[in-house]
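Colleague: Just dropping this structure here.
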């Protein structure tokens, strides 16, 4: 998984943000009176969540890497001020660059499968379910597909009409950011230190592209790396300047690369973290105690991960009469 994902994550990326407080006022339409609720579509489209779950399962069987993308989407969409509005999914226009085409979104893909899910929901309930809710719920179900916990998430989000590409740099820091910056930005939306440690556990799955890793390998190997892991990385990333046309990457977790589990924490404690943020997480005195605790207990990891995803997914969404319900996730209705 690419570093910007998952807050570099994005979530990292596990992707991380200097955000306004959760549920802050939106510039699009004043206060946020309606809020989010469980099973928002129980009357307007009772089958909505079942359809999304079914589609996620079907697509995952055909294309395993979709689950990484769905998980990462939550970070990239909801970690930006006035987001959780599916602005990530909008295509570029003559006047506006899309978020998904920026450097901060490097490696994001599989958006076409969200269109597939949207089409299935539209067949059942035209014009009712937002792309923003589909994005979040597909992420929830993608986590389950990867062996992670089921996280009950509220719905009722509405779709924004514009890209936030111009402000991504403010909210989605690079994987080389200091741990202080990471902790401060998450704290601004109510995610505490154990929540940050858990969110970065999304690096348990997916891959890191060599272009994001070679600075730790060339011209000299970072001495912080476990020597037993270096040969594999050099084999996967043989060039100091990777071929931009080649898909060169290293699996984040060689042991269980397709499973969201606490093996990530054992790896980084063993100096096998690929990104600077992974290394810092295992060595910083503020985060290391939680890394050790999650390395010992997957239940604790899942508990904190679910709590943090919930907070992130509720960060300042559009609700009520704000925004719109897009007919097509890649295009605002006024341009459709």
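Cβ atoms are placed via backbone N, Cα and C, with glycine included.
Just lifted these from TrEMBL, have a look:
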{"type": "DISULFID", "residues": "45-125", "note": "disulfide bond"}
{"type": "SITE", "residues": "72", "note": "site 'Transition state stabilizer'"}
{"type": "ACT_SITE", "residues": "76", "note": "active site, proton acceptor"}
{"type": "BINDING", "residues": "77, 80, 85, 87, 99", "note": "Ca(2+) 1 binding site"}
{"type": "DISULFID", "residues": "78-84", "note": "disulfide bond"}
{"type": "DISULFID", "residues": "131-329", "note": "disulfide bond"}
{"type": "BINDING", "residues": "173", "note": "substrate binding site"}
{"type": "BINDING", "residues": "203", "note": "heme b binding site"}
{"type": "DISULFID", "residues": "210-237", "note": "disulfide bond"}
{"type": "BINDING", "residues": "253, 256, 261", "note": "Ca(2+) 2 binding site"}
Colleague: Measuring C-alpha to C-alpha, could you say which of the disulfide-bonded residues 45, 84, 210 are within 10 Å of residue 77 (Ca(2+) 1 binding site)?
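Modeller: Checking Cα-Cα distances against residue 77 (Ca(2+) 1 binding site), the disulfide-bonded residues within 10 Å turn out to be 84.
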Colleague: Sorted by position, what residues of the same chain at least six away from residue 261 (Ca(2+) 2 binding site) have a C-beta under 8 A from it?
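Modeller: Within the chain, residue 261 (Ca(2+) 2 binding site) has Cβ neighbours under 8 Å at 147, 148, 204, 298, 301.
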Colleague: What recorded positions in the list 76, 78, 80, 87, 125, 210 lie within 10 angstroms of residue 329 (disulfide bond), counting C-alpha atoms?
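Modeller: Cα filter at 10 Å returns 87.
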Colleague: Which residues does residue 87 (Ca(2+) 1 binding site) neighbour through Cβ under 8 Å, counting only same-chain ones at least six apart?
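Modeller: Non-local contacts for residue 87 (Ca(2+) 1 binding site): 77, 80, 99, 160, 162, 163, 164.
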Colleague: For the Ca(2+) 2 site (253, 256, 261), what does the 8 A shell look like? I mean other same-chain residues with CB within 8 A of the CB centroid.
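Modeller: Going along the sequence, the neighbours come out as 204, 205, 255, 257, 258, 259, 260, 262, 263, 264.
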Colleague: Do any residues at least six apart in sequence from residue 125 (disulfide bond), in the same chain, have a Cβ closer than 8 Å to its Cβ, and if so which, in order?
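Modeller: In sequence order, 41, 44, 45, 47, 48 meet the Cβ cut-off.
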Colleague: Of the recorded positions 72, 85, 210, which sits closest to residue 131 (disulfide bond) by Cα distance?
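Modeller: Nearest listed residue in space: 85.
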Colleague: Can you grab the distance from residue 85 (Ca(2+) 1 binding site) over to residue 237 (disulfide bond)? Cα atoms, rounded to a whole Å.
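Modeller: About 36 Å separate the Cα atoms of these two residues.
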